[in-house]
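Swiss-Prot annotations:
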BINDING   GLU9  Mg(2+) binding site
BINDING   HIS15, ASP167, GLY168, LYS169, SER235, GLY236, ARG237, PHE238, ASP246, ARG252, LYS253, ALA269, LYS273, LYS277  ATP binding site
BINDING   GLU43  K(+) binding site
BINDING   GLU56, GLN99, ASP246, LYS277  L-methionine binding site
Amino acid sequence: METFLFTSESVNEGHPDKLCDQVSDAILDACLEQDPESKVACETCTKTNMVMVFGEITTKATVNYEKIVRDTCRGIGFTSPDVGLDADNCKVLVNIEQQSPDIAQGVHGHLTKKPEEIGAGDQGHMFGYATDETPELMPLTHVLATKLGAKLTEVRKNKTCPWLRPDGKTQVTVEYRNEGGAMVPIRVHTVLISTQHDETVTNEQIAQDLKEHVIKPVIPAQYLDDQTIFHLNPSGRFVIGGPHGDAGLTGRKIIIDTYGGWGAHGGGAFSGKDPTKVDRSGAYIVRQAAKSVVASGLARRCLVQVSYAIGVAEPLSVFVDTFKTGKIPDKDILALIKENFDFRPGMIAINLDLKRGGNFRYQKTAALGHLGRDDPDFTWETVKILKPKA
């Protein structure tokens with residue numbers, strides 16, 4: 001039996017790039033909560049003792065940017081210089097301007113266009129992917145890496161492992177076989193966890209706790225065997241972390257945000273962007289399309305691409321590939337997708353309820369992946385059952 005290895009990684013909410021994603025999306029939430037027509041393009045960067053937010057925001061909302069930055073950092077666990085950032089005493093820099101009137105006129109006609117007329121906020125191409133290898137219809141490598149990261153955060157915050165600090169990374173290698181184009185996981189080959197910790201804990205304790213409280217509860221026993229390799233804090237020590245250890249920037253973790261290296265990626269980041277930005281809304285609708293194809297039993301694996309021109313509502317192209325796993329020809333699946341999904345940005349925003357912010361709606365997406373999540377706020381995960389014409 002011919003097999004191959006594939007690897008996906010994830011990072012925790014305390015990773016500096018992910019901190020920035022969460023700040024950008026917390027600001028988006030605050031704007032949309034008060035003004036659903038807010039136009040937001042918010043970037044964040046961070047380094048030792050400093051967080052800066054910058055970009056273009058046009059909104060009727062009254063937003064205290066500094067408070068949002070501090071609250072977000074505090075919520076993650078950055079409460080002292082020792083852990084990498086002190087939310088209450090760090091410098092917060094804000095440089096926000098209005099959306100360019102040229103873009104505003106071309107995309108939404110200064111808010112005068114009807115939803116079906118609203119153009120894409122920029123050019124670009126986005127991909128959606130789904131695979132039947134997990135209940136989430138997501139790649140197992142990505143699901144496990146992400147769940148390990150979520151468990152690390154959980155056992156840090158509930159004090160099961162009080163030595164943990166917010167920053168951390170995970171990586172999982174799975175051995176697969178290709179079954180006529182479908183991906184079948186056989187076993188977990190390697191588990192890698194690098195987590196920030198305090199000065200008191202020994203490397204032995206770290207390895208023991210990670211195996212007991214993080215790996216065992218997350219990775220199903222059927223995938224682990226005596227050949228599975230564990231690299232637990234392989235660099236030795238990881239005391240200095242967060243923005244003190246590395247600079248952070250919004251939009252640096254786009255593969256972690258999506259499919260862990262499976263499928264494809266058009267290059268556009270998600271966080272800090274309102275739904276007129278097709279980098280985000282386009283990627284969400286094609287995930288819904290690909291997931292619906294697999295959930296409807298039309299294919300075991302599916303990739304969907306959509307592309308846009310700035311200011312133009314209708315997509316330039318829609319593409320489907322089922323990797324030879326389709327029950328009907330790909331051209332028929334493409335026709336079904338076009339009949340059942342409206343790819344115009346204004347209609348995506350309505351159909352997926354993307355103008356609704358607040359209550360951490362977008363901030364939740366900014367750590368632990370935007371896709372494959374079981375949460376009613378992740379409207380793009382709702383399956384539409386697609387039925388081929390008789």
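Heads up, the Cβ atoms here are built off N, Cα and C, so glycines get one too.
On the structure: features taken from Swiss-Prot.
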residue : record                    : Cβ contacts under 8 Å, 6 or more apart
GLU9    : Mg(2+) binding site       : ALA145, LYS169, THR170, GLN171, VAL172, ILE255, ILE256, GLY260
HIS15   : ATP binding site          : ASP167, GLY168, LYS169, GLY242, GLY248, LYS253
GLU56   : L-methionine binding site : LYS39, VAL40, ALA41, ILE96, GLU97, GLN98, GLN99, SER100
SER235  : ATP binding site          : SER194
ASP246  : ATP binding site          : PRO16
LYS273  : ATP binding site          : LEU28, VAL40, ALA41, CYS42, GLY121, ASP279, ARG280
LYS277  : L-methionine binding site : ALA41, GLY121, ASP122, GLY268
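Across the binding-site residues listed here (ARG237, LYS253), the residue whose Cβ sits among the most other Cβ atoms within 10 Å is LYS253.
Counting Cβ atoms from all protein chains shown, GLY168 (ATP binding site) has 26 others lying within 10 Å of its own Cβ. The residue listed as 'K(+) binding site' is 31 Å away from ARG237 (ATP binding site) when you measure Cα to Cα. Comment: L-methionine site residues GLU56, GLN99, ASP246, LYS277; largest CA to CA distance 30 Å, whole number. Among the residues the record lists as binding ATP, namely HIS15, ASP167, GLY168, LYS169, SER235, GLY236, ARG237, PHE238, ASP246, ARG252, LYS253, ALA269, LYS273, LYS277, the two farthest apart have Cα atoms separated by 42 Å.
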